[in-house]
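In case it's useful when we look at the structure, here is the feature table from TrEMBL:
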- 21-45: transmembrane segment (TRANSMEM)
- 57-80: transmembrane segment (TRANSMEM)
- 103-124: transmembrane segment (TRANSMEM)
- 136-156: transmembrane segment (TRANSMEM)
- 168-187: transmembrane segment (TRANSMEM)
- 193-211: transmembrane segment (TRANSMEM)
- 280-300: transmembrane segment (TRANSMEM)
- 306-325: transmembrane segment (TRANSMEM)
- 352-369: transmembrane segment (TRANSMEM)
- 375-395: transmembrane segment (TRANSMEM)
Amino acid sequence: MTIGDLFKTRQSIYYKKMSKYLKYVLNDHFVILLLFLGGATGLAYQNYLEAVEYNALVPRLLLLIVIGLTVFSGSIRTLVEPADAVFLLPKEKAFDKVMKKNLIYSLIFHSFYTLLIGVLAAPLLSAIGHMESNGFVFWLLTLVCWKVIHGIHAYYSLKQHRSERGRTIRLIIGSVSIVGIMVSLFISVITGFLISVVTLGLFFLFVFQYSQSDSWNWETLIETEQRRIQKIYSIINLFIETPYSKYKVKRLKFMDFLYTLPVLDRNTEMYFLSRMFVRNYNFSGLYLRLLLIGGVVIYFSENWIINSLISILFLYLIGFQLIPLRQTFKKTVYFNLYPNTDTDKIKTIQKLILLLLTGGSIIYSISSVNSGILAFMRLLLLNGIFSLFFTYIYMPRRLKK
């Protein structure tokens, strides 16, 4: 079997695994929620476009953050496994051909969602008077150029080279990218396009002149691929338990104040579960991201009905994706030794999720202050009712399945 055949087999196995788990992630309930959320977000975005001021500064700053995150995100899919550092080391030349195919695949995939973000951002740029219809193509090409630059940089950062040179290149590319995106958003789209094309040409020249002879850094290859796979499985593991996900413990010092709440120290189960939630970034990170995204969407919408739908949808997503907290009791040997009943454990999970939903209800309600104090009070009441319904009616039925 050649190296090409080996990676074709791995790719086939990889796609089969992803398709199998996606059937559980994209279930009927979640798809319906996404449709409602997409429709509500689209309507809120349309209302914002109608109300945004000409030459407004805030939309440009928001786009700078969104475009920056889009350009700088993503890695090269390699499908490398730990044993490859030993068995494929003598076959690096044949491995180069496989990696070039992986680079092309990754660039196409990353360029696709970058174009999607660019298309969604174009109406906002037109609404603030920054871009005419003839600048649309240049805007999209600019984003693709920056994404290709960062994709190629991610590819060659997997090779052996001096760490000082790698840090210098990363700093230069990052700085030039931010400046180029700022030029596109604040000065001229066409000027930003020219900067991106020149940067791409110079970067190609540098890469082909200095990095072609470098060998692969197998340790970096393996670590990068393992991180990429774990990110995917950490999301899937929120819907269904998989044998591939590893819990990531991350210090979140700014959340230490939660430990001072008396409700988190009343019994052994709550003490354990609350600290596990904070320290397990798969859960606490998800909670913080949903709070941030939902709060931002509600803040820019002044329609109370849309805010109510978005708020309830995000509260449902928070609650639904925290239900797997129950698995932590099953995996912890201490709770199999102590005489704790399943009823006590379920009540503890309910209390913690209700506490988290209450916090989300307050934050989403505060985000709707733009709609008036009456809308704030109504949304707070609605969120509270939904949190109680989810915790004490929907959740027990869900846990019995």
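Note: Cβ is positioned from N, Cα and C throughout, glycine not excepted.
In TrEMBL, annotation is done automatically, which means it is predicted and not curated.
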Who are the chain neighbours of the transmembrane segment (103-124) in space, where the CB to CB distance is under 8 Å and they lie at least 6 residues beyond its ends?
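Non-local partners: 48-49, 52, 59, 63, 66-67, 70-71, 74-77, 131, 136, 139-140, 143-144, 147-148, 151-152, 155.
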Between the stretches 136-156, 168-187, 280-300, 352-369, which one has more Cβ pairs under 8 Å with the transmembrane segment (193-211) than any other?
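So the stretch in question is 136-156.
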State the non-local partners of the transmembrane segment (352-369) in its own chain: residues 6+ outside its ends, Cβ under 8 Å from one of its Cβ atoms.
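Same-chain residues near the transmembrane segment (352-369) but 6 or more away: 263, 270, 273-274, 277, 287, 290-291, 294-296, 298-299, 301, 304, 307, 310-311, 314-315, 318-319, 322-323, 325, 375-376, 379-380, 383-384, 386-388, 390-391, 395.
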Cβ under 8 Å to the transmembrane segment (168-187), counting only same-chain residues 6 or more beyond its ends: which ones?
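Same-chain contacts beyond the flanks: 60, 63-64, 67-68, 71-72, 125, 130, 139, 142, 146, 149-150, 153, 157, 193, 195-196, 199, 203.
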